[in-house]
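Per TrEMBL, these features apply:
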- 12-34: transmembrane segment (TRANSMEM)
- 46-72: transmembrane segment (TRANSMEM)
- 53-498: domain 'Major facilitator superfamily (MFS) profile' (DOMAIN)
- 152-171: transmembrane segment (TRANSMEM)
- 177-201: transmembrane segment (TRANSMEM)
- 213-231: transmembrane segment (TRANSMEM)
- 243-262: transmembrane segment (TRANSMEM)
- 300-324: transmembrane segment (TRANSMEM)
- 344-369: transmembrane segment (TRANSMEM)
- 381-399: transmembrane segment (TRANSMEM)
- 438-462: transmembrane segment (TRANSMEM)
- 474-493: transmembrane segment (TRANSMEM)
- 503-547: region 'Disordered' (REGION)
- 505-520: compositional bias 'Basic and acidic residues' (COMPBIAS)
Amino acid sequence: MIPPTLLNINLLRAIGTLLKLAVKKLFLFILRAIKLSDVVPVRFNLWLMLFTSCWVVYMLRVNMSLNLIAMVPQPARNISSRSQCSSDNEVLNESLRHVDIPEIREAPRQIGGGSFNWSKDQQATILGSYFWCYPVTSLVGGMAAERWGPRYVVLVTSLASAVLTMISPAAARLDYIALVVVRFFLGFAGGFIYPALHVLVARWAPPAEKGKFVSAMMGGTLGTVVTWSLTGPLLEKFGWASAFYVPAGLTFVWCGFWWYLVADTPADHPRISIAERKYIIDALGDKIKKSKGMPPFKSICTSFPFLAMIILHFGNLWGLYFIMTVGPKFVSSVLGFELAAAGIISALPYLARLFMATIFGAVGDCILSRKLMTTTTIRKFFCLFSHVLPGILLVLLVYTGCNTALSVAMITMSMGFNGAATLTNLQNHQDLAPNYAGTLYGIANFIGSTAGFFTPMITAYFTRNGDNFEQWRPVFFVGASVYIVSAIFFVLFGTGNTQDWNFTSKEKDDGKEEKAKVDDQNDMNDTSRNSYIKDTKENPTSITTRA
């Protein structure tokens, strides 16, 4: 009979052997995955990381909009508000599984984890605090990425954002001011990311593929869709704190992939093929220089085409931040969807924006590659879809009344058409000055992101005395007006041509010297050819044949 001690030793050895085999298999699997990622074109890996980086930054930005609905007890709607969209008989409050959408009513507000008696002004302060410093860091984010490289800038700020999101529940329990401070620094970190990504696009995207790369910036749309779709169930099953912890954990995982797969330029990437590197560098030509000098701020600030792009970008962000920050509040308090439904319904417009942005980006690349339109014509024509039509749909929305299905359709169509921004304000700075794309986007975002600060305040002002359509109409009118006026200004004064200040004085001089050399060579060729013709005329050569 085998002693029990020997059996235990043999059992431990067997378990150890199995663990070694499992670790070895896992290690081999990871190696194969890494090798497979090296086989895939680096541009595809970069597109994927651009897409998911926007997903991550929006996931950390917009979760507060829905979380506040769970964290703060919502007052019952007044009689005049209820009479607009409620029936005499009380209807069972279910989720989107309910067949009749108009019959979904007021959400249950008691969510696990505690509640806070914050006023509307305090809630607006919490939402708006993200944007207090966001414009400032957007302003310097492009310059930081141009100087130190977009890879490091995005990595460091994403890690900082994950940490801040992780400590948000503790800050909320401490005091609402503490949460405002956390949101302030979250916006501080988030402001660097988008300008840095545009620097990455300028250094990697061939002109014929730029629309596809810029459409990757709609990854924030997917981040909004996933966040608002999953936050509702998380809130109701695990409490509001889980809606902070889960996004933070996902961000930490994503940062590892970013560090491995992304490089600042094609020349810096350790695993890119020679053919792909040559294709990108040849396609970009001499418009991109890896320079660490200061941007020509005087020329930038006095450029009228750049001013037109800023105004167009501001109009786009006004409509975007309006639906992003107050969208859940509108569908929950006015349309009457419950908490889980509010998350899903509020995400639908962003899903449409993602889908349409991909289509518009591909269409724009096709038009440009076939030379059916000039770059300037493309930028101005698609303003019709990115700004004018969304503004018109916002105006129509306030007259849909209690037809909740039509209201949701209007919001969804408005954001869907705005996907054409991939061909207008989200790409125009790349046209004007590819060398300073991050700086230009940072300046435009500095001004445009102030919309995220004012939108919650304006909404709180107009809806202070109620949450019915009468109170919300001025909010929608303001959003629609900014959309349309900004598009008209760009159509009149915008352009898609590269500006002279994209190049430094030395590059201009080098270009002039090169042109002079070419002209001299052409003159020499013309002189030689004319001399040859003259000699031929003066000394004709005849060949006679004797019989």
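Cβ coordinates are placed from backbone N, Cα and C, and glycine is handled just like the others.
Nonlocal intrachain contacts for the transmembrane segment (152-171), taken as residues 6+ away from its ends with a CB within less than 8 angstroms of a stretch CB, comprise 53, 56-57, 60, 63, 113, 141, 144-145, 178-179, 181-183, 185-186, 189-190, 192-193, 196-197, 200, 240-241, 244-245, 247-249, 251-252, 254-255, 258-259, 262. Taking pairs at least six residues apart, the transmembrane segment (46-72) and the transmembrane segment (381-399) share fewer than three Cβ pairs below 8 Å and do not count as touching. A Cβ distance under 8 Å defines the sequence-distant neighbours of the transmembrane segment (300-324), meaning residues of its chain 6+ beyond its ends; these are 61-62, 65, 131, 224, 346, 349, 383, 386-387, 390-391, 394, 411, 414-415, 418, 421, 424-426, 428-429, 432-433, 436, 439-440, 443-445, 447-449, 451-452, 455, 459, 475, 479, 482-487, 489-490, 492-495, 497, 499, 501. Within the same chain, residues 304-305, 307-309, 311-312, 314-316, 318-319, 322, 326, 379-380, 383-384, 386-388, 390-392, 394-395, 397-398, 424-425, 451, 458-459, 462-463 sit at least 6 positions outside the transmembrane segment (474-493) and bring their C-beta atoms closer than 8 Å to a C-beta of that stretch.
Ranked by Cβ pairs under 8 Å to the transmembrane segment (438-462), the stretches 177-201, 213-231, 243-262, 344-369 are led by 177-201. Listed as Cβ neighbours of the transmembrane segment (344-369) (distance under 8 Å, sequence separation of 6 or more from its ends, same chain) are residues 66, 96, 207-212, 214-215, 218, 221-222, 224-229, 232, 323, 327-328, 331, 335, 337, 375, 378, 382, 385, 408, 411-423, 427. Here the domain 'Major facilitator superfamily (MFS) profile' (53-498) has a mean pLDDT of 81 out of 100.
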